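I have a structure I would like to understand better, so I am pasting it below and will then ask my questions one at a time.
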Amino acid sequence: MAILNVMVIGAGQMGSGIAQVCAQAGFNVKLNDMKQEAYERGIGTITKNLSRNVEKGRMTEEEKTATLGRISSSLDLKDAHDADIVIEAAVENMEIKHNIFKTLDEVAPKHAILASNTSSLPITEIAAATNRPEQVIGMHFMNPVPVMKLVEIIRGLATTDEVYKTVEEMTLKLSKTPVECNDFPGFVSNRILMPMINEAIFTLQEGVATKEAIDDIMRLGMNHPMGPLQLADFIGLDTCLYIMEVLHDGFGDSKYRPSPLLRQYVKAGWLGKKSGRGFYEYS
Ligand SMILES: CC(=O)CC(=O)SCCNC(=O)CCNC(=O)[C@H](O)C(C)(C)COP(=O)(O)OP(=O)(O)OC[C@H]1O[C@@H](n2cnc3c(N)ncnc32)[C@H](O)[C@@H]1OP(=O)(O)O
Ligand SMILES: NC(=O)C1=CN([C@@H]2O[C@H](COP(=O)(O)OP(=O)(O)OC[C@H]3O[C@@H](n4cnc5c(N)ncnc54)[C@H](OP(=O)(O)O)[C@@H]3O)[C@@H](O)[C@H]2O)C=CC1
């Protein structure tokens, strides 16, 4: 199936990145959010990233203008009426994703693929909100989307080979590397990454070392580009907590219990870089 029109739901850090790389690859993109301000923020980030590409000589001013010209604003899910694929990147919450997928199933063309960028929520359960579970798939981009090469592609129980292949081909057109996995809590990426981040938060909570020391040890000792606490701030502490809860509920194993300190920070509204404060402060 040929994909021309893409709709991205959620203009936050992931949705804006996904819209950017799709527009850069030549797809027509509608970027949807609930509020115009969220769209303005998202398109502002995209414009800044594209301007940097021009400054660095990776793109001409004309290509930047053409890329921005392929992105339009949407505040209504009904705008999915002409989409070939919808990539949902709203908040990590099953009820919200269920509502979005139920509506999309009603308004998107019959042939349209409905993909989710969920970090950890079961694709099969999201698909159950629709009458087209065979066309629902996980398309999990990594943050920051314009830089990171991986897209983890998750097959739900009913996802067809044809849908998998179409999404795999689209991922290659985005100059990213698709890697396949099955639908299990946290998939592969977050089943392995998030317990490490959670353990770093327990380590801080227990006073084993300062936040800077924990990050330095993992950065310099393990050659990680960011320490785990800095990475948690970068991902968003709310998203980290949601993912730990999915692992905890999904496996029923106490080894995945979220750190109380993580819960406390989220309750305080300290969500990391996006809210200006998490383990670190951001201006
Ligand atoms: C939670 C999930 O479900 C899954 C996830 O996504 S988990 C998170 C996965 N991501 C990671 O683990 C990221 C770990 N961190 C890194 O790889 C690096 O620190 C980083 C790429 C973010 C920044 O790299 P750095 O070398 O430390 O800094 P910096 O020199 O500023 O950036 C390198 C390049 O990335 C670009 N970049 C950095 N942040 C960016 C952003 N948010 N958006 C777009 N581009 C960005 C910079 O512009 C720079 O590009 P050029 O210099 O070539 O123009
Ligand atoms: N952060 C990360 O590193 C990664 C996150 N993900 C996943 O991507 C998704 C988005 O995360 P991220 O971009 O970080 O989150 P953000 O909080 O940055 O962005 C989410 C955006 O979606 C909007 N939104 C919420 N509900 C709806 C809705 N019903 N319809 C349309 N838009 C809506 C939010 O609006 P408002 O702010 O007004 O609520 C916000 O603008 C999550 O599922 C997350 O797990 C995947 C890979 C990496």
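Each Cβ is built from the backbone N, Cα and C atoms, and glycine gets one as well.
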TrEMBL has Gly10, Ala11, Gly12, Gln13, Met14, Gly15, Asp33, Glu92, Lys97, Asn143, Lys274 down as binding NAD(+); which of Ser72, Ser119, Ser254 does it also list for that site?
Ser119
With every protein chain in view, what's the tally of Cβ atoms within 10 Å of the Cβ of Asn143 (NAD(+) binding site), excluding that atom itself?
16
Please report the DSSP secondary structure of His140 (site 'Important for catalytic activity'), reduced to three states.
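SS state of His140 (site 'Important for catalytic activity') = strand.
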Report, as a single number, how many Cβ atoms besides its own are within 10 Å of the Cβ of Gly10 (NAD(+) binding site).
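Gly10 (NAD(+) binding site): 24 neighbouring Cβ atoms within 10 Å.
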